[in-house]
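Pulled from TrEMBL:
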ACT_SITE  Asp304  active site
BINDING   His59, His61, Asp151, Asp304  Zn(2+) 1 binding site
BINDING   His61, Leu62, Arg63, Asn93, Asn277, His308, Phe322, Gly323  substrate binding site
BINDING   Asp151, His178, His231  Zn(2+) 2 binding site
DOMAIN    49-237  domain 'Dihydroorotase catalytic'
Amino acid sequence: MKTILTNAMRLSGNNEKIPCEILIIDDEIVKIAEKIEEKSANIIDCEQQLVVPGFVDVHVHLREPGGEAKETIETGTSSAARGGYTTVCAMPNTRPTPDSVEVLEKINHLIEKNAVIRVLPYASITQRLLGDTLTDMPKLKESGAFAFTDDGVGVQSADMMLQAMQKASDINMPIVAHCEENTLIHGGVMHEGKVSKELGLPGIPNICESVQIARDVLLAEATGCHYHVCHVSTKESVRVIRDAKKAGIKVTAEVTPHHLLLDETAITEDDANLKMNPPLRSQQDKDALIEGLLDGTIDFIATDHAPHTEEEKAQGMKVAPFGIVGFETAFSLLHTHFVKKEIFTLQQLIDWMTIKPAKVFNLPYGKLEEGQKADLTVLNLDSEHKINKQEFVSLGKNTPFDNQLVIGKPIKTIYNGTLVYEGEK
Ligand code: DOR
Ligand code: ZN
């Protein structure tokens, strides 16, 4: 099948927008030119809007199997498509956990049946994420595991992490780590700092995350493993990662939109839509994350899209589960608060949502070039609208950003040459 994207704009290397048309045959970008003369093709009129590579998110929770009241592969990927994403990597804290070939194959089957964009599933590092028995990594790799992670919990034993990294390194697979030292959580439900004291809520200190990252970068050095840190939230973590990179250790890291946008002072009342793990930290931490992203210490942005039901989130800060949804607000919020304010260039933001995560994980996506997969997102950079959680395709409405005025949004998403989302301009 032939498709042409007409009347499009694309980013040139120096942040300028230049007109272009794109010929897609089946699932491949075949030609990019100012004008394409081609008869009998399916036309997608881009109405002078910007075409960028489809977004890549390596940290998402799709909940299926086992958590279908929160999200399914179908609703989660449709939500991702509405957010401009064409590739997402699904975390293994489902029920059951993909800790065996049998479960991973079942998940692959569900993805094949229900996903509207590409889903690459993680397998777990340890059985049932319990931290005491390693999974069969070579077999899971053969069955299509994207990488290994126990996201949702930290791997507590240094020896278990050492063994995991040795095994992963032998088969050239990354270890992706949610870093949290259980003896330092102290029953916390938010960042330990001035706001937790004011609200009388138990706090999670910065060291809960950073000590585990410090341990792990040394294990990565000892094993040569590619070690990727999930959702970095503290200034100490940024420093440890920066130093590890300087020492030549194979460490990479991601940050979420919410940790870049908000700090603890956003929590003014008992609202669990501001409860996530790691928690919103201090303003100094937030500033260090932005600096880390700008200087390359942090490699890219990932949402940690974590849907929960309204009933669960209505239980308040102390009881509700950790996590917020991210797909349908990520681009608009980051564009509004960082690109429009000239803290990031548009090219930087797009790179952190496309080519950077793809490169870190050796994925052949995230590029707008001839010969690449036809995964494309069309952005209206001028649309002003209010975020309305009732319009989310995700079953999760757990966002702290409802009603916020934003500028810019994805208006079309093309995955493998097929239009999978089209919204109002
Ligand atoms: O906020 C979070 N939610 N952090 C995690 O690590 C897990 C996630 C979830 O699964 O809900
Ligand atoms: Zn996590």
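Placement of Cβ uses the backbone N, Cα and C atoms for every residue, glycine included.
There are 27 other Cβ atoms within 10 Å of the Cβ belonging to His308 (substrate binding site). Over the domain 'Dihydroorotase catalytic' (49-237), the average per-residue pLDDT in this prediction is 98.
Rounded to the nearest whole angstrom, the C-alpha distance between Asp151 (Zn(2+) 1 binding site) and Asp304 (active site) is 10. DSSP assigns His59 (Zn(2+) 1 binding site) to a strand. Proximity of the binding-site residues (Asn93, Asp151, His178, Phe322) to ligand 2: a Cβ under 6 Å from the molecule is found for Asp151, His178. The residues near the Zn(2+) 2 site, meaning same-chain residues not in Asp151, His178, His231 whose C-beta sits within 8 angstroms of the mean position of the site's C-beta atoms, are His59, Met91, Thr149, Gly152, Val176, Ala177, Cys179, Cys230, Asn277, Asp304, in sequence order. Long-range C-beta contacts of Asn277 (substrate binding site), restricted to its own chain and to partners at least six residues apart, with a cutoff below 8 Å, comprise Glu180, Ile204, Phe322, Gly323. Neighbour list (His59 (Zn(2+) 1 binding site), Cβ cut-off 8 Å, at least 6 residues apart, same chain): Cys89, Met91, Asp151, Cys230, His231, Glu254, Thr256, Ala302, Thr303, Asp304, His305.
Among the binding-site residues Leu62, Asn93, His178, His231, Asn277, Phe322, the ones whose Cβ sits under 6 Å from an atom of ligand 1 are, in sequence order, Asn93, His178, Asn277, Phe322.
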